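Straight from TrEMBL, the features:
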TRANSMEM  A:12-34  transmembrane segment
TRANSMEM  A:41-63  transmembrane segment
TRANSMEM  A:83-108  transmembrane segment
TRANSMEM  A:115-136  transmembrane segment
TRANSMEM  A:183-203  transmembrane segment
TRANSMEM  A:230-250  transmembrane segment
TRANSMEM  A:270-295  transmembrane segment
TRANSMEM  A:307-330  transmembrane segment
TRANSMEM  A:336-357  transmembrane segment
Amino acid sequence: MFKGLSRNDWLLLAGFSAFVLLMPIILQPIGAAYPALMQKICIFGIFAIGFNILFGLTGYLSFGHAAFLGVGSYAAVWSFKLFTMNIIPALLMALVFTTIFAVAIGYISLRRSGIYFSILTLAFAQMCYNLAYSVLTPLTNGETGLQLTLKDPRWIDAMFHEPGAGLPRATLFGIDTSGGGLGGFYLCAIALIVCFFFSVRIFRSPFGMMLRAIKSNQTRMRYTGFNTRPYLLAAFVISGAYAGLAGGLMAATDPLAGAERMQWTASGEVVLMTILGGVGTLVGPVIGAGVIKYFENIFSSFGDNTLHGVFGFLPDIIEQPLVSFLSLFVGEGWNLTLGVVFMLIVIFLPGGIMEGLRRIWSRLNRRHDGGEKIAVAQPQPAE
Amino acid sequence: MSMSNVVLHVADVHKSFGGLKALSDVDLQVMEGTTHAIIGPNGAGKSTLLNVCIGRIPPDTGAVVFDGEVITGKQPHEINQMGVVRVFQTPEIFPDLTLLQNVMVPAFAKRDGAFRLNAIQTVSNQHDIRDEAEHWLEDVGLKDQKDMTAASLSRGDKRRLELAMGLIQRPRLLLLDEPTAGMSRHDTNSTIDLLRKIKARGMTKIIIEHDMHVVFSLADRISVLAQGQIIADGTPDEVKGNPKVQEAYLGGPRQ
Ligand SMILES: Nc1ncnc2c1ncn2[C@@H]1O[C@H](COP(=O)(O)OP(=O)(O)OP(=O)(O)O)[C@@H](O)[C@H]1O
Ligand SMILES: [Mg+2]
């Protein structure tokens, strides 16, 4: 299992792990080093890595991945309610249920490709969303969302000790993961590193190469002797399981689940993260998730008052219209900012942040080699 | 393993597209170990015939029998796994992959079958498949470019790449649709040499070609297709001398 990765891959893994584990220090200067934000970045990082296994490798664009996030959360919270506050069974339940779910949805949706596949997945997710509010309220608790109560049986926990006075916290063998402390963050960080490792393995494996080949020319694959359906289904289920784990972790760090987690905007968000970071790259999706969650946090907390504070030095006649214009983009309007940034990326940098980094890198390298050689190698075209 | 085994039998196949009879009453037998050329003017139905053989187009009536088994109605990947490999008229390659990966992918199909979830090993550890892929790239003269992306190849080079992709599967029956179209004279000749070499190993081939130099260098038997019908069938010499062929194919009896 640990054989066969190249030195560069190991370096990448080591660098990635170090960065993730040191986030509480590294993110200090930009004011993002508090657990609630960092664990959110890790959870959405996992979600985006999984999404990228489907979209990045096979090119199948699912618009319904938030359904798995929701199912994972509900399954985990039910495990808390029925069995134990230990998160291991909760995460396993999340994985098992999302896998079953993904097999069913994938089996049907993958009968089509391209835009029809996207629409089918979107339809499934919206169906889940609506069912959660209507027929399935016994399971989902409708609009209130599924929460822990003092009346929950928690059979396994009850066998070992008397229930305490207040609502219990989710734990990992004694480590509190839902208290908003570093315990929850490190749980998510380690899960992210493990998920990243598996994604590297998949990218480097024959299975990953077959998925890329399917993306490149599915017709050729069929006439080359491959049954492409099970390959696609496997990719779909793996990526659904990643989303389910992410949903389970959401519950493990904050034991409640609501249907809004399955809304199409949540499905769209992971698409944005992946594209913003760089589709088909290993770290791109995580970077995309981090950037979006970080800026969401900053921008959505801005209000008119903050803007007035920033631009207070300007004369009123300029300040007033400027602030009322900018206020469209902050607070509730953060989604507008996100939309604009996304448009700019898709138009000017379709490979996302990773492509941007690569361009900067190659420009720097060129400068090191000396610009003169380049000038000789690429003569200006004559008039 | 006698040379007189029928490997492929196209039995009374009809195929119409709307009112157009693309194939009518086509009956064709291909013997084991031979190179069987199919020639005919543009639009004669040659590619359609191959499409019927590999399950891309279902025939209206009739059947295709490969190695004693009816293959009409089977899935394309099943037909490939039985050993029938097609090289297309418009090159079908993996444009986003490198040349080496392009040739490795079919080798995986040959080794691991139609589906195997192998996410444990790494591609770089599959030394046998890599070596074999490099060997076939060398045979078609593309080894120097093995790390290039296939999209950037010229049309002729794409054909040679696709040929390597077909050959690495060591098919029992190889279907070639104009394998040298778009190639330089030099590349055409080296392709002919390569196909001869394979023939020595006993691979059966059907080859569609407009270039008569290629046809007469390779073919043991020639079938002539015109307007969806086989109008002549025989050894190269027999076909060359057939007045019907000259009329239909060369546009009138030769002076
Ligand atoms: N899928 C299809 N749908 C409709 N018509 C088709 C289809 N495929 C082929 N045809 C028609 O059938 C006829 C035979 O086509 P085919 O491609 O088999 O000819 P060909 O002998 O391979 O010609 P060429 O030498 O130009 O490749 C043509 O008139 C073509 O337009
Ligand atoms: Mg043709």
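Every residue gets a Cβ built from N, Cα and C, even glycine.
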Chain residues outside the transmembrane segment (A:83-108) and at least six past its termini with a C-beta under 8 angstroms from it:
64, 67-68, 71-77, 120-121, 124, 154-157, 168-173, 177, 187, 232-233, 236-237, 239-241, 243-245, 247-249, 251-252, 255
With the transmembrane segment (A:12-34) as the reference, find which of A:230-250, A:270-295, A:307-330, A:336-357 contributes the most Cβ pairs under 8 Å.
A:270-295
Which residues, given as numbers and ranges, are at least 6 beyond the ends of the transmembrane segment (A:336-357) yet have a Cβ under 8 Å from it?
272, 275-279, 281, 283-284, 287-288, 291-292, 295-296, 299, 328-330
Do at least three CB pairs under 8 A connect the transmembrane segment (A:307-330) and the transmembrane segment (A:183-203), leaving out pairs fewer than 6 apart in sequence?
no
Using a Cβ distance cut-off of under 8 Å, indicate which of A:115-136, A:230-250, A:270-295, A:307-330 has the most pairs with the transmembrane segment (A:41-63).
A:270-295
Below 8 angstroms Cβ to Cβ, which residues of this chain, lying six or more residues outside the transmembrane segment (A:307-330), approach it?
299-300, 336-337, 340
